[in-house]
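For reference, TrEMBL has these:
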- 26-47: transmembrane segment (TRANSMEM)
- 59-82: transmembrane segment (TRANSMEM)
- 94-112: transmembrane segment (TRANSMEM)
- 174-194: transmembrane segment (TRANSMEM)
- 200-223: transmembrane segment (TRANSMEM)
Amino acid sequence: MDYLGIDMSCAIGSLRNGDFPEKDCLLPLISKLLGYCLVAASITVKLPQIMKIVQHKSVRGLSVVAFELEVVGYTISLAYCLHKGLPFSAFGEMAFLLIQALILVACIYYYSQPVPVTTWIRPLLYCAVAPTVLSGQINPTLFEALYASQHAIFLFARLPQIWKNFKNKSTGELSFLTFFMNFAGSIVRVFTSLQEKAPISILTGFALGVVTNGSILTQILLYSKPAAAKEKKAN
């Protein structure tokens, strides 16, 4: 019995015989189910951050470069997974995260008016290059090098935000829910990547996601308390 790429026959066969499924049977099944759950959950991952910006009409404390680099990272990651022919359950959330990341950057531009003319060069360059990367119309060796650089891109996408939070001792309009889901999703992806026998380069990327998203999540928890105390004192 195969449904959405999930082989259920092993587990169902064991249960019918009154036995609990073996580890080698159960782990791949859990991995596939978690993968599809993550894809479904990814539809809303960045919505709390987008809604917080729109509601407050402010991008206070947000690093524009960090979110722009995130778009670049998602684009490369999605293109690479498509190129490698990995099952949709192993990377499907990248498509939804990319769409939301683009909307998020658009919101940041909108609420950062006036945006310098030089800033518009970056999105124009992205629009020119992204279709070629997503379609895989580049040299395979260059593709591997591009994906290898993707880890550095995601790392540098988080470092400016982490530094800005530390310097300001505040996380501004960052959404706790969004970064909590990013952190949890990265942990799940480490597990599913191991089960799907994904390339080590993909596993490394998700491991970095655990560290960087966990760092920002910790900052939100640490710096939100003093901010709340100040606000209460002012009132």
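The backbone N, Cα and C atoms fix where each Cβ goes, glycine too.
All TrEMBL annotations are machine predictions without curation.
Counted over residue pairs 6 or more apart, the CB atoms of the transmembrane segment (174-194) and the transmembrane segment (94-112) come under 8 Å in fewer than three pairs, which marks the two as apart. Proximity of distant same-chain residues to the transmembrane segment (94-112), defined by a Cβ-Cβ separation under 8 Å and at least 6 residues beyond the stretch ends, is recorded for 39, 42-43, 45-47, 49-50, 53-54, 57-59, 62, 64, 67-68, 70-71, 74-75, 77-78, 81, 119, 123.
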